Amino acid sequence: MSQGILFIISAPSGTGKSSLIEGLLKTKFLYNIQVSISHTTRVMRPGESHGKHYYFISKKEFRIMIKQESFLEYAKVFNNYYGTSRQSIEKMLLSGIDVFLDIDWQGANQIRYKMPNSKSIFLLPPSKDELYKRLRERGQDSDTVISKRMEKAVDEMNHYSEYDYLIINDDFQKAINDLRTIIIAEHLCLFHQKNKHNVLISQLLKS
């Protein structure tokens, strides 16, 4: 069995990253893909469930996992911890499952260092005006919060060149097709094809 591929995907809030991943998972596809579920110490929100949206644990449990080096990456955001379990990621990859990891550029740097075979994708909006419009249409934040999100978005977008692939989310269906193309291309690269067809290649080259 060939090993799965870890895909890191990052984007500013409001770019449509979650919708894009959900859209991809709903389509019939050649490869088995799952989204990584992070651990967090924040309170569970209405509509969320343990093991589906996050693994909700206490700060004490999270700190123990840090000491045990159980996380590929973790961060503290607004007094709550968020982290990606090394064991769960490695288990899925060894089972031949591709994993999508939705994290910011700082977490992406940690993952690249620890898992250099991972591939990273950055998602950009078609314009600042469109990004602002999408944030407004969500109806979740005040004007002050939206302004702060826009400032943070510019900071995040400055790191796009650190990624392997870049997708502009202007047309939703085209963006999904671009994402599918990236996954297919990675599976067809020499490294993965050689591992997948090692027996066949050995037989073909036997004199």
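For all residues, glycine too, the Cβ spot is worked out from N, Cα and C.
Annotation comment: Swiss-Prot describes 4-184 as domain 'Guanylate kinase-like', evidence class sequence analysis.
Counting only same-chain residues six or more apart in sequence, the Cβ atoms lying under 8 angstroms from the Cβ of A11 (ATP binding site) belong to K17, F122, L123, L124, E156, N169. Here Swiss-Prot flags A11, P12, S13, G14, T15, G16, K17, S18 as ATP binding site.
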Averaging pLDDT over all residues of the domain 'Guanylate kinase-like' (4-184) gives 93
Here the binding-site residues are S13, T15, S18; the one whose Cβ sees the most other Cβ atoms within 10 Å is T15
All chains considered, the count of other Cβ atoms within 10 Å of the Cβ of G16 (ATP binding site) is 19
